[in-house]
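*Asks:* Structure in structure tokens, see below.
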Amino acid sequence: MSKFRYNEYLSQFRNANVCTVNALATSCPSNLVKENKDGWICLHYSAYYGEAECLKTLLKVHPNSVDKRTLQEQTALLLAVSCEHLSCARCLLESGADPDISNKYKETPLFRACELENIDMVNLLLSHGATVNQRCSQTRTALLEAVSRNHIKICEMLIDAGAFINPPNSYSIAPLIVAAQQGHLRALSFLITKGADVNMQTCDGLTALHKACTNGHREIVAMLLSKNADANKCCNSGLLPLHVAAQYGHHEMVSLLVPVTSRARLRHSWISPLHLAAQHNRPLVAAALLQTGAEVNAPLPHAHSAQFADHRATALYLAVAHGSTQTAEVLLKAGARVDLDPVSPLLVAVKQGCVRTVNLLLHQGADVNAKIPCHATTFPTAIGLCVNNLPLLKCLLDNGCNTRSCFTCIYGPKPHPDATNTCSEPHERPIQFCEWLASSIMCKWAGPMIDLLLEHVGQVQLCSKLTELLDSTEEWRAVKGKSMSPRSLLHLCRVKIRSQIGGRTLRSLTSLPLPDRMLSYLTVHVQPSPHDHMNNKNKGYI
């Protein structure tokens, strides 16, 4: 029979009644087991379309075809179960179909029945000896599938048939952990009543508490704790459930876990929950932890801190380093110190260009003139970090940044020796501002930057290097002229008064009991140069 005629034959078979099938079985029995391009035979079509009587006829003629597989390794039984044809599934099972044959995706008929939440089909398969603990798709069992569907009745049927509640090894997935992960309270409660181990761990050391905390299931956490789940079991990475709740921002769970978490275990952890809250910008969690007694200035363990080039230690530093401004604000209000890390958090905030965080840190007394220990300079490091952000530079200068140090040069008006290294390479002596600004990377900002600095300093003489930089661009020569001309008495008095006031008072200048005209006078107002060709980001720095 040709392929064309055979396809016609299958089409005729799909629409045939029992009498027609009987006639075909009598006249051409061998054609009933011929495969189409997908490996399907008539038996598969009958199971797929729910033709139970046709199945009986076909199985009488070819009883050995009952477990015949398609190219996708599907049996007629799996097709019948997938299409929820109960009578067809019963017919096949009574004819000796193997209930444990899976398809190419490792799905068995029982697994598919659980996936479809078909109680009658599950009962039928179990009554015909389906293996209840067979690992299927992604090593999942039928019970795991039923638990993930939160279907208590099917769970009960499977457990009564011998399904493992507690897997025999850590490489199996515990049903209780699946219920906790997906937030299925009814399934979780049922499994516990059936004897599920609330402290079972995965191969990664994760418990049901870890999973519930990860996914924000507060009721699950409360249920597990009420059933004596151990909140002090850490996973392989050393994190307790409290760490996980803090990391994912579930502050309500933090309140549940803090009372049952060992302080000693927390002290011996490589990171505190507060550090994780800071790192992941979880302000509500940070507030909850601080209210329950967390030490706001507790450092990271030295071994973990040493893994970072900057040897970061405090939760505040982590918050700033990860752009967690809201959490940084919570920490600062709780008394976080700004001077405990080897590198000032202020420098990190400046490098990130976050004006809000910079202002928060300055308000709490951060040293605006802080430097990086391993990169010695004669001028404040913060100035170098915001070279392409003039609004931020002005903020620093307004808060008492040491401007005069930028114009102190050991060579003065004399020629400078040729630079033999870049600003990023180590120097035998601290690098000067003029040397740093003259580098190929920074020199394009020289004019606007020097112009802004001159507004915050008294009469100064530019060294030959700075003069050379200003002479290199026509529109910067006005800046050079400003430095060469005597500064006005008003300007010199303002600079003197500001220097006498000091940086701490300057941060709250507007709150001083002074007339508005005096406050306006003491505030440095910078007018942009008509030739300023800075990018749009830096044009509005008044």
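Positions of Cβ are set from backbone N, Cα and C atoms, glycine also.
Positions annotated as repeat 'ANK' by TrEMBL: 72-104, 105-137, 138-170, 171-203, 204-236, 237-269, 269-298, 311-343, 341-373. Sequence annotations record features per position, and here TrEMBL assigns domain 'SOCS box' to 465-528.
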*Asks:* Can you work out which residues elsewhere in the same chain, 6+ from the ends of the repeat 'ANK' (204-236), have a Cβ less than 8 Å from its Cβ atoms?
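*Replies:* Long-range Cβ neighbours of the repeat 'ANK' (204-236): 174, 176-177, 179-183, 185, 188-189, 192, 198, 242, 244-245, 248, 250, 252-253, 256-257, 260-262, 265, 269.
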*Asks:* Going by DSSP, how much of the repeat 'ANK' (138-170) is helix, how much is strand and how much is coil, in residues?
*Replies:* 18 helix, 0 strand, 15 coil
*Asks:* Per DSSP, what is the residue tally for the repeat 'ANK' (237-269) in helix, strand and coil?
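*Replies:* Computed counts for the repeat 'ANK' (237-269) are 22 helix, 0 strand, 11 coil.
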*Asks:* Per DSSP, how many helix, strand and coil residues does the repeat 'ANK' (311-343) have?
*Replies:* 16 helix, 0 strand, 17 coil
*Asks:* Which numbers of helix, strand and coil residues does DSSP report for the repeat 'ANK' (105-137)?
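*Replies:* So the counts come to 17 helix, 0 strand, 16 coil.
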*Asks:* Treating G and I as helix alongside H, and B as strand alongside E, what does DSSP give for the domain 'SOCS box' (465-528) in helix, strand and coil?
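*Replies:* For that range the per-state counts are 45 helix, 0 strand, 19 coil.
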*Asks:* What is the three-state DSSP composition of the repeat 'ANK' (171-203), stated as helix, strand and coil residue counts?
*Replies:* 17 helix, 0 strand, 16 coil
*Asks:* Can you tell me the mean pLDDT for the repeat 'ANK' (269-298)?
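*Replies:* For the repeat 'ANK' (269-298), the model's average pLDDT rounds to 97.
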